[in-house]
Ligand code: BF8
């Protein structure tokens, strides 16, 4: 049986740091996402194909996928309408999640500027000025705080602006802007596109799948070149623009002799304060008095990525590691804000001493301790949370500890600004390397984990294949955490790259897989491809670049994939979205879009075949560019 559990653990994940914990969990009968997925099987066939409609109370309705009756919902909606409506509803939820996060950061920037949140300072004044300039604000002789106030108001206004356009949209290369303007899908404001999606999917509004999906692209653009980009830029102003740094990653960053606090979710606003609170002398002294040698912070998912990028805080793992971290028996507190947090962590925590502490008024978890965060009292809340974790240390059951050894080293912090600096201030060296063929192209690998796919396997396999073929990988989110755990993010990892990419990485002292941040920081990838296209005076769709989400699960990923495609970047998906119940929708998204936005989606579940397809597409782009 022991061997059986080991085998099962190895089948579930390639992350060696978590396999012993999965194994221990199996022995103890602790339920995790993998067990819950099994219990859901067989998953609803109508749902999987996207042909179940629950939008109104005449339903739920479903369409027969074999062409028999019923072919229409009670209202008359066809499979095409239902699939398209369901998809853009998902997309709008994802865009809303990113954008609402962005709005909160901007609100804190405003509060910091107006002395309502003293704990926060403006760290990157240079970026503040550059953004103010971009927004047409006078900067001369204006104090930093006044500038931050004016800028935050100016950007916040764009959530519901009546001026009908977003400033960051102007960052697109002219050719792309002209195309999107011609298609009539330039985003008008952040909230408006999301609200309009919700309006259109109501029964009896938009029933034309093409019209629905076209608006989906507009909504996604309002996320990528709107809400997400706002989140990234405002976070940089408040907490600093990332620059390269080293840290460690995987569950072995948890420490046997220290109070371990995991910071999980997406928003850096509170967790940045917890980083400060954990360094407080009195807190450390109290931890020692409780029998620990100190306080150890570790990130999880994209809150982790935010803290890693700017503060070098180690990361315990990505999305599928969340329950396993608690099952190490070594976590005194898991502090959560919002997004990608399994409600089940409270149940798993119930089997151990871990306290789950929720902090956002909009994200409560039954069974968790709620310690609500507000910017004006951030320092006190952060201190109270750290204190709670310290107090919990003596409750740890030493005989249940399962902390792996050997954390992996990694480097992160590759903002566009940092990359340009590494390149000597311009994109030219990168473009020269692409033109000469030293670098064949680039792929942005982003997104999540999904228990339907062996944890981290698709991410890592695709990355290994691409870099070996001289394709530079940039990325964000849980994909990058997978890369770090697999040892692909040290300058020495260049040894795993093909000769051309290896030489470039060695010359610049960078790894072949570059961590650009959290999921909202996919906006950094947009800025980078826009800069490359502008330098070559081509459209983004002409570049030998692709996007890939090998293990995606979330509604946010639907929005990310869609804004990449709308921006001209073809996107690989490792799992099919729930669209296969409509041939028309499937064909539009995987082929038809090419003639509309010069990019499309393709689904390939096999990582090797996916890498082959990406390399082929990169070569086609190179040929078309004449390089
Ligand atoms: O925010 S944490 S599981 S949704 S990739 Fe995916 Fe990971 Fe979530 Fe993107 Ni970031």
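Count begins at 1; order follows the chain as displayed.
Even glycines carry a Cβ here, placed using N, Cα and C.
The structure displayed is predicted, hence computed values, not measured ones.
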Message: Given that TrEMBL assigns 53, 56, 61 to the [4Fe-4S] cluster 2 site, pick the one from 44, 75 that the record assigns to that site as well.
response: 75
- prompt: If TrEMBL gives 266, 302, 340, 448, 519 as binding [Ni-4Fe-4S] cluster, which of 52, 402, 478 does it give for that site as well?
  reply: 478
- line: By a 10 Å Cβ neighbour count, the lowest-scoring of the binding-site residues 44, 302, 340 is 44
Task: Compare the Cα of residue 53 ([4Fe-4S] cluster 2 binding site) against each of the binding-site residues 44, 266, 302, 340, 478 and report the nearest.
output: 44
Task: Specify the nearest of the binding-site residues 44, 61, 75 to residue 448 ([Ni-4Fe-4S] cluster binding site), where nearness means the distance between Cα atoms.
output: 44
- prompt: How big is the gap, in Å, between the Cα of residue 519 ([Ni-4Fe-4S] cluster binding site) and that of residue 75 ([4Fe-4S] cluster 2 binding site), rounded to a whole number?
  reply: 38
- prompt: Taking the binding-site residues 53, 61, 75, which residues show a Cβ-atom distance to ligand 1 below 6 Å?
  reply: none
Field: Distance check against residue 52 ([4Fe-4S] cluster 1 binding site) for the binding-site residues 61, 75, 266, 302, 340, 478, keeping those with Cα within 10 Å
entry: 61
- prompt: Among the binding-site residues listed here, 56, 61, 75, 448, 519, which has the most company in the form of other Cβ atoms within 10 Å of its Cβ?
  reply: 519
Query: Secondary structure at residue 61 ([4Fe-4S] cluster 2 binding site) (DSSP, helix/strand/coil)?
result: strand
- line: residue 266 ([Ni-4Fe-4S] cluster binding site), DSSP three-state class -> coil
